[in-house]
Every structure is written in C-alpha cells, then in structure tokens.
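Report on one structure; see the data block that follows.
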Amino acid sequence: MVHSLKWLGIFPLILFQWLGTTSSLNLEDPNVCSHWESYSVTVQESYSHPYDQVYYTSCTDILNWFKCTRHRISYRTAYRRGEKTMYRRKSQCCPGFYESREMCVPHCADKCVHGRCIAPNTCQCEPGWGGPNCSSACDVDHWGPHCSSRCQCKNGALCNPITGACHCSSGYKGWRCEERCDQGTYGNDCQQKCQCQNGASCDHVTGECRCPPGYTGAFCEDLCPPGKHGSQCEERCPCQNGGVCHHVTGECSCPAGWMGTVCGQPCPEGRYGRNCSQECQCHNGGTCDSATGQCYCSPGYNGERCQEECPVGLYGVKCAQTCQCLNGGKCYHISGACLCEPGYTGERCETPLCSEGTYGMKCDKKCPCHLQYTQSCHPMSGECACKPGRSGLYCNETCSLGFYGEFCQQICSCQNGADCDSVTGKCICAPGFTGVDCSTACPPGTYGVNCSSLCNCKNNAVCSPVDGSCTCKAGWHGVDCSINCPRGSWGLGCNLTCQCLNGGACNPLDGTCTCAPGWRGLKCELPCQDGTYGMNCIERCDCSHADGCHPATGYCRCLAGWAGMHCDSVCPGGHWGPNCSLSCDCKNGASCSPDDGICECAPGYRGTTCQRICSPGFYGHRCSQACPQCVHSNGPCHHVTGQCDCLAGFMGSLCNEVCPSGRYGKNCAGVCACTNNGTCNPIDGTCQCYPGWIGNDCSQACPPGHWGPNCIHTCNCHNGAYCSAYDGECKCSPGWTGLYCTQRCPLGYYGKECTLVCQCQNGADCDHITGQCTCRTGFMGKFCEQKCPSASYGYGCRQVCDCLNNSTCDHITGTCYCSPGWKGARCDQAVMIVVGNLNSLSRTSAAIPADSYQIGAIAGIIILVLVVLFLLALFIIYRQKQKGKDTAMPAVAYTPAVRVLSTDYTIADTLPHNNVVNANSQYFSNPSYHTLSQCTTGPQVNSMDRMMVSRSKSSQLFVNLKNLDPGKRSHTIDYTGTLPADWKQGGFLNENGLLKNSAYSISTCSLSSTENPYATIKDPPVLLPKNIECGYVEMKSPARRDSAYAEISNSSLANKNVYEVEPTVSVVQGAFCNNGKISQDLYDLPKNSHIPCHYDLLPVRESSSSNKDESTSE
C-alpha cells in the first residue's frame, strides 16, 4: 500500500511543459476552450513493504520454559521508482472559432453578404435582408421566391424572407411567435431569467416583477414597511401598543404584556410575557411588570422577587425611606413605626423616661457621659450615645484617625496627609494640596494652605507647593533664586567647584570657562601661542625685532637696540630721522616711524598724533579689537586693556561672575553680615533670610505662632503643639496626633507621638495623654482589672448593694441574685415549694413577710419531710419490681474542654462501675433551658443502681453516678436517633432536697422557644407506648456570673467534666409521672436558684471518644 509520493526533479519538467503549452490566447475569452492532456514523468515513491515479524509470548509450554514463538505480518517503509501520470491544461479556440489577434472569432463557411458572422455558420442580417448569408430581400409580410408567400408570424415578429421562419419579438416564442415566454423567463428568445423573489410573477416582455401581498421592492425582496400589509402594501395594520402585524395577513403579534386580536388587552394580574404565558414570581404582595415580569415590591420589601425585608434602617416603597427611630429603636420595615428600647418612649423613641443626666430603674444615677459631646444617656443602662465625631466609653474622645461621623464608622477619603473633620468628614488639606479629597497639588505659582500664597521664585525656579521654598535651577542660589552662583562655584545649588585657571570666568550653568585675554584651553591653563594674543588668542602680534608680544595686551617685547611700538626703530623714544635728530609729536606713549616720523599709536589710541582713545566698543592695538560681551558693566570695555568695568556685585573679565560668598559691592570689597544661612545680596549686601528668621542680619527667630519667609504665615497648631518656624509643621504634644494636632491618639495608644500602648482592661478608656485608665461601670483598679468588691457596684464602685438574705449583687447594675428560697428585687420574699403534676400545677406561695420567715420555713420543712417519706415508699416498691430486669442504661458523658462555652455532650452506651468523682475537672457552659409543656413519650432507660449526692466544702454540688454491671446491657437493638436537645429529665426530692434511687428517663416536649438544637443519641431503649406527664422547671440564663458547679462522672476513660450553671430566677413547678416505672433524676442547681423537682436534660451530641469506645466494644 502506498502511503506517500516524493517527487524528485519534477518541478523543472512541469515548468517546461507548462511554458510549452501556453499561448497568447486570452483565457477569459468565452470562446476559448481548454482540455486536460496527460503525460508521464518518472518519480520515486514510498510504500509499505510487508514482512514476517517473529516475537515471543508467555504460554503453558513447559518444555520451552513457558515461552512460545509467534508470527505476525508487519510493514515498513520502502522506496521504488515508477512512472507518474501528470496532467496539464491546454487552451485553443472552441470548434467553429478561429484565432485572430489573440481572440477566438466565429467562422461562417458562407460569407455574410448583408450582415456579419455572430456564431459559427450563423449570420446576423441587416434590416430587410434574409437567408443563410443575408443575400435575399422581401417586405415585412412576405417571403419566398418572388416574395409570394405571406408571413404567419404573430405578435409583431419578423419572418425570414427566404425561409419564412419567424424571428420573435421580445417576450414571445414558438414557430409563429404565438406563445409567451415560460414562467420565470422573459426578453429576446425568452433567454433572460426573472429576478423576482418571494413568489412574485415576472412580465414576459420587460421582466418587471408583480409582487404578491406582503412584499414590495424592484424584485419583491422587501417586506411591507411597518404599519402596512397586503396587496401592494396598501392596507393599514390595526395593531395597538407596539404590536407588529403580519406583512401578508395583517394578523397582530403582540409584545410582552399585551394580548388580544389587536393587542389592546393587558395581561391579567399575575401573568406576564409574550401572550401572557408566564406566571409572576413576586412575593409579599408584590406586583409584576406585565412585559418583563420585574417585581414591583410592596412597602417594606425588596429583592428580585420581593423576598427580602428592607435592610435595617430603611423602610417603605423600594426601601427608599430612612428610619427615624432614635436611641436604638427598631424600625418596622413597612411603615417605619418605631419599637422603642427599654427606657425610651415617643413616636421616634426620642423621649427618655429619665431626666437629662440621670439613669437607672429609679432615675437616681448620674450619667458619666461628657454632656457636651453626648447625644443621649441611656435611661436604663447609662450607656453613652455619642454625637457624630465623638467616641469612647463616655464620649470623651474624637474619632480615630481616618474615621468620622456617627459611631465613627465612616471612612475618611482624604489623601496626602490631610486631616478629616470628625463630624462631617470634610477634608482639611495639608499645605500644598487642594480639592475635595486633597488629591490635587497646588497649581504652579501657588503654595501653602488652600494654595492661597503666591510663589516668589525667580529664574524659572521650582516652587514647593507646601511651603513655597524655591528649588533653584543650575547656576542660581538664594532664597528666591535671584542670585548667580558665587565666583568659583556652579551647577545645582552652586555645589560644584569651578576648574577655571588664570583668571578665567566660570559659567554658573554648565561650568565652562571663558578665558581672560592671553589664555586658552578648556581650563584656561595654556597661554597664547607665540605670535598671538588677546581674547581667545585670535590677534596676531605686529612686532619686527622683538621676542614676541604680551599675550594679553599685544605689546611688543623689543630686542636690545630696538624701540618703537613695533620694535622697528633704532632711535630712542621720541626721535626719528637721520641720526635720530628729529623729535616726534606723538601722544599717549606712541612712537614714531624712524623713517617718516608718522605716529604709531599705543594700544587704545588713535589719530595723527594718537591723542584720541578708541571708539566705544573697540580697544587695543590700532583699536582693531572689538570689546568682549560685558554682562554686568557700566559701559564698553577699557580702550587699552579691553577689561569690562563691572557693576557692584560682579567681577571677572566679562563681569559675568558674582562676588564670592561673603562679599558684596563694587569690586566685591564689602563683607556680608548675614547669619543663620541667610543669603547675602552681592550688590548691596542686604540679607535674604532663611525661612524662620528675620532681621537685617537674619539673627532673629520668628515670633511664636509665625513661620515661613519673613515670618509671614500664621501657625495653625493646636493643643500645645510646637510649630516649626521653617515650614509650619506641627510637632504634637503627648496624646495628640494629626496634621494640626487636633486628634487624640487612636484607641489603645497614648503619650508622645502616640507610641505607648494602653494597659487598661475590661473595656476601660485610656487617657490619651497620661495613659490613666477610666474604668467602666462595675470595675476598679489601676488598670480596671478588678470587679467591684462584694456589696458595691456601679461607676467607681461607689454605690452600695441593697440585697438581703445572703444574696449576691451584680457588680455592674446592682441587680440582686437571690439565694435559694428567696425572691423579689431585694430578695426579701421567701418562696414555698409545692409539688404537683402538669395538669394541676400548684402556684408558688405568696410573698411572706420578713417577720413571718420562721413560720414559713418550719411549714416548708414539714411538707418536705412528708414528700421524702412518700418517695421512699415508692422507691422500695419500684426496687422490688426491677429485680431481674435488664439494668443497662445510657450515661451522660461530656467532651473534655477547658472552660468551653458550648454544649458538647454525649450519651454513652452504659455507665461503668466504680466511677469516682474527680475534683480536677473541666468546665462547660450551661445551655439555655425552655419551659416544658405537654410531654410526649421518649425513650426509657431503667434501673439506675444508685445516685449519691454530696456537697463539697466550697459549696459546689456534685452528683456521683454509679451503674450496674455493663455486661447485662442488651445488644439486640442498636440504632442511632437524632433527638431535640430539650428532652426532659424529671425526679423527686428526698428529705435533703436531693434524689435517691431514681430511674433515668428522657421525654420530648414542645417548646415555645424558636431554638431547635439537636443531639445524637446512641442505642436508645424501646419507646414507651403512651404519653407521660412530667414535672419541669423553667431555666433561663441571664448575664454570665460566677456560679456553682455540678460534676458528673464519665465513662470508663475516667474523664471527669464540670459544667457551669448560670444564675437563674424562675417559677418553680412540681410534678410526678403517673407511670410508676418512670422515676426521674435531678442535677443539682446553683446555690442562688430555687429548688426544682425537674431539670432539663443537657443538649447532647455524639462525641468522637464515644464512637471510638463503641467500635472497640463491638
């Protein structure tokens, strides 16, 4: 099988063949025909060559060591030479045509006499001529020899004068041209095809389209325009409300939200969409848009389907209205009505029940709030509600840095170190910035606070937008950059040293040297070459018998025996002529020619007798040198030396150098007196003082409260901050921070630069300056680490508790927590416990006067003894019936933790023997308990062997549980159920108010609470078949306080756990269960609770340790 072909050397052959077959015919000529012709070429091709492949495989052949030989046909690639048939295209004139001037023209065998050849052997005759070669002529209605036959052509067709054949006019066909063109064709010989679309008919002569109803356009390609339909789109659509009519029938297609023949009926309520086919999904009384289905919510709701109540703080339609409730009042999401917190009343909860500045149950406590910054003091708790911009326990602090507004919860948007107004959030921009958020730098030319100051920088210096200080360009210095760099320095800040030598001037911008006359080189280190002198050494010496000329002035240095300006005279000075006998009349040191006595003027002079100086702007020999460009001078250069006459404060050959630092005046002869980095003006010696200094010599500091150049700015620092005289920056005193030291240290910090960490505890406020702690109500100590001592409470622990009968007092509010047997606000009312069932509950006794306490106590003891005797009798009967029965029961086990505030409890399979109370136990938080109403049957566990109750020295109550032999537990039933955590446990009291010899049971009870905790119970016993009446105690958990503890022994792992029971105040109700087999146990209650006859079972869930034990036992 051939997989691929590799052509070698084929392309040159193909190219040659193609060149040989091409011609000059125009291939686009419709009369040019082409055909493919074949030819052969030799190629090398690859193919798959089969071969026999031997391989080995495992098999059961013992003789060959379980190895067998196998064969299979495989393929590999091989190459061979062969012939390849190729094809090439060849073009020539089609049959009936011949080539003429690169075109294929038709050929007629008989020459067309009165016409032209239009197709092979076909002539197109001129009007009035006919025949195969257009040589015959007859009138329009006749044909044949002598034109004797009459033409039979119809519809205006012409007949051939020779044959009588009809030549049909446009739109007709047939032997006599009596037939119209077929459908879909038109024109001459019916050769044209109609272009009409959408079923339109075509005129057989012209091809014009006749559109069907619903279409228009030259080819009927367009639908009727909107609002029109029918034949020629002349009928008007009747559709309403944006309905679209069918372009043919006019039937209306309604938009979403409308229905009916003409779309005139809106969707019925609860429906929407096209044809009203979809059902609205809006909740809470919301209505939906009939077109889109979008929900329009009723007041108080929002969300895509109106399923959400308004967020807290908003109410009404679209939740667009803001609640007006004050002082923590709750706002009704529909109408905005306020539900006030305790202590407030009024339509908006704006009226406190206590007068201003007081709080408490009797409005007798003074609010600790700073009234100036306090919105309100809670009339019940005394809690301070701060005004916007204030925070802290007593509203004595401003918002932390970066926050503002109510509760200091809004984040400031200020940038570039700006302060934020703690009330409004308005940005107080730092100097150099402006804008709402201080994000914009001051415009060029301005600086300072609010960009209100104008810069005073010269010579394109950059002005700091913060303090207006000038950053000079290269070559300038001074407070306002108005002074060139002093002599010998250049560059930025005039910090670079000039390298110019021999009196060369240094450019203060780039440090380039301008050499004095007579010197050259980059650093003016080279004298002029021999024979040259002057500026840039461009002048030529004019000396005859001299040892060169002076490089600066050009004076000739005459050789011995020669004199004169050019050293060309042997006569002594002032003489000339033969024997030097004639006297010269030349002035100003000129010499005269030894030959003719003409004056040769000294440099700087001119005239016949050299009595005149050079014209302004020129100097030197023959006054031919132009003065240099003097920068700071009184006029043109000196006529002799070319030296510039510098103004005060300048020096150098071109007067382009400022006096050296510390000098000023004409020829820099004055000595500056400026101090404290003041800049001396080189012209008159006046001082430009550095910011923060004033005075003629800059020796006086700015007076307090002022800063900047000439001390023109006023400081804006607060709270004792130090103001920098240079830039006005505030150095805050301890306890303050911010741009102008207007903000206290952030919470938790104090002291210098707010770097010290506060040590206050229990939510106490920390003084931002000293770090001293201001304790919250109920705490005291240096760091507020101590609760108020016993019998005191409140702010500063200055209020005395008013609780009686060994009751405890809340260290914050002073609320009394009564000891067992007492109730009332001051625990001054005794309580009598009466036992009954759920259907006939006895009420607690009325309040007993304090002076009748002993009588009530004796009566209670008597009743208690009777109850205990009755329970003992029942217990004896119960024990007799329980003998021989299965004693297995679940035990309460607790997941170990360290003071865990959760409800992780587990019911294990059974209680083991010999459980011992361990005093070193972990703690668990007591859960909330609920009022038990009608009980339903729960799983029952029978036969607790013994329950012993003892009281420890620390007044804590302990329950010691001991089970019977765990080997007697039934293994026939093993299931896991999930039960509510509020299944109850009941029991009876003995003479000591404790339980003895009681069974253990669980029952489910309906709750008025909305909480729904669950626990997993492993191996529950068989459920009882009937309802059980149970006694109960309502247990409620107020604020967490110190409490007594009950210890429950755990399983065989000996993990002992203690759970914390919070103080409770509740109505005590008693009951006993009608079924004698269902006796109940009781956990000990805290010392400040009433004695119950029933206690809630702790919420339980299966623990990992319990599961591990179960798997081991199984």
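Any Cβ shown, glycine's included, is placed from N, Cα and C.
Going by Swiss-Prot, these are the annotated features:
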- Cys93-Cys104: disulfide bond (DISULFID)
- Cys112-Cys123: disulfide bond (DISULFID)
- Cys168-Cys177: disulfide bond (DISULFID)
- Cys233-Cys245: disulfide bond (DISULFID)
- Cys280-Cys288: disulfide bond (DISULFID)
- Cys340-Cys349: disulfide bond (DISULFID)
- Cys451-Cys463: disulfide bond (DISULFID)
- Cys715-Cys723: disulfide bond (DISULFID)
- Cys754-Cys766: disulfide bond (DISULFID)
- Cys760-Cys773: disulfide bond (DISULFID)
- Cys775-Cys784: disulfide bond (DISULFID)
- Cys818-Cys827: disulfide bond (DISULFID)
- 143-178: domain 'EGF-like 2' (DOMAIN)
- 404-439: domain 'EGF-like 7' (DOMAIN)
- 447-482: domain 'EGF-like 8' (DOMAIN)
- 490-525: domain 'EGF-like 9' (DOMAIN)
- 750-785: domain 'EGF-like 13' (DOMAIN)
- 798-828: domain 'EGF-like 14' (DOMAIN)
- 878-1114: topological domain 'Cytoplasmic' (TOPO_DOM)
- 857-877: transmembrane segment (TRANSMEM)
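The disulfide-bonded residues examined here are Cys93, Cys123, Cys775; by Cβ neighbour count within 10 Å, the least packed of them is Cys93. Within the domain 'EGF-like 14' (798-828), the DSSP-based counts of helix, strand and coil residues read 0 helix, 8 strand, 23 coil. Below 8 angstroms of C-beta separation, residues 386-391, 398, 447-451, 464-467, 727-728, 738-740, 742-743 of the same chain, each at least six residues beyond the ends of the domain 'EGF-like 7' (404-439), sit close to that stretch.
Nonlocal intrachain contacts for the domain 'EGF-like 9' (490-525), taken as residues 6+ away from its ends with a CB within less than 8 angstroms of a stretch CB, comprise 472-477, 484, 533-537, 550-553, 641-642, 652-654, 656-658.
Among the disulfide-bonded residues Cys288, Cys349, Cys760, Cys773, the ones whose Cα sits within 10 Å of the Cα of Cys784 (disulfide bond) are Cys760, Cys773. Sequence-distant contacts of the domain 'EGF-like 8' (447-482) (same chain, six or more residues past either end, CB-CB distance under 8 Å): 429-434, 441, 490-494, 507-510, 679, 688-691, 708-709, 713, 716, 726-728. Taking the Cβ of Cys168 (disulfide bond) as reference, residues of its chain lying under 8 Å away and at least six apart in sequence are, in sequence order, Cys153, Asn155, Ala157, Gly174, Cys177, Asn188, Asp189. The shortest Cα-Cα distance between Cys288 (disulfide bond) and any of the disulfide-bonded residues Cys112, Cys233, Cys715, Cys775 is the one to Cys233.
Relative to Cys775 (disulfide bond), the disulfide-bonded residues with Cα atoms inside 10 Å are Cys760, Cys766, the candidates having been Cys112, Cys233, Cys245, Cys760, Cys766. The two recorded residues, Cys827 (disulfide bond) and Cys233 (disulfide bond), have Cα atoms 98 Å apart.
Each residue in the domain 'EGF-like 7' (404-439) gets a DSSP state, and the totals come to 3 helix, 9 strand, 24 coil.
Secondary structure from DSSP puts Cys245 (disulfide bond) in a beta strand.
Taking the Cβ of Cys349 (disulfide bond) as reference, residues of its chain lying under 8 Å away and at least six apart in sequence are, in sequence order, Cys325, Leu326, Asn327, Gly328, Gly329, Cys338, Cys340, Glu341. Cys766 (disulfide bond) and Cys723 (disulfide bond) are 27 Å apart (CA-CA, integer value). The two recorded residues, Cys93 (disulfide bond) and Cys754 (disulfide bond), show a Cα separation of 105 Å. Ranking the disulfide-bonded residues Cys233, Cys463, Cys760 by the distance of their Cα atoms from the Cα of Cys123 (disulfide bond) places Cys233 first.
Closest to Cys104 (disulfide bond) in space, going by CA atoms and restricting to the disulfide-bonded residues Cys112, Cys754, Cys766, Cys773, Cys818, is Cys112. When the alpha carbons of Cys233 (disulfide bond) and Cys766 (disulfide bond) are compared, the span between them is 88 angstrom.
Counting only the Cα atoms, the space from Cys766 (disulfide bond) to Cys818 (disulfide bond) is about 35 angstrom.
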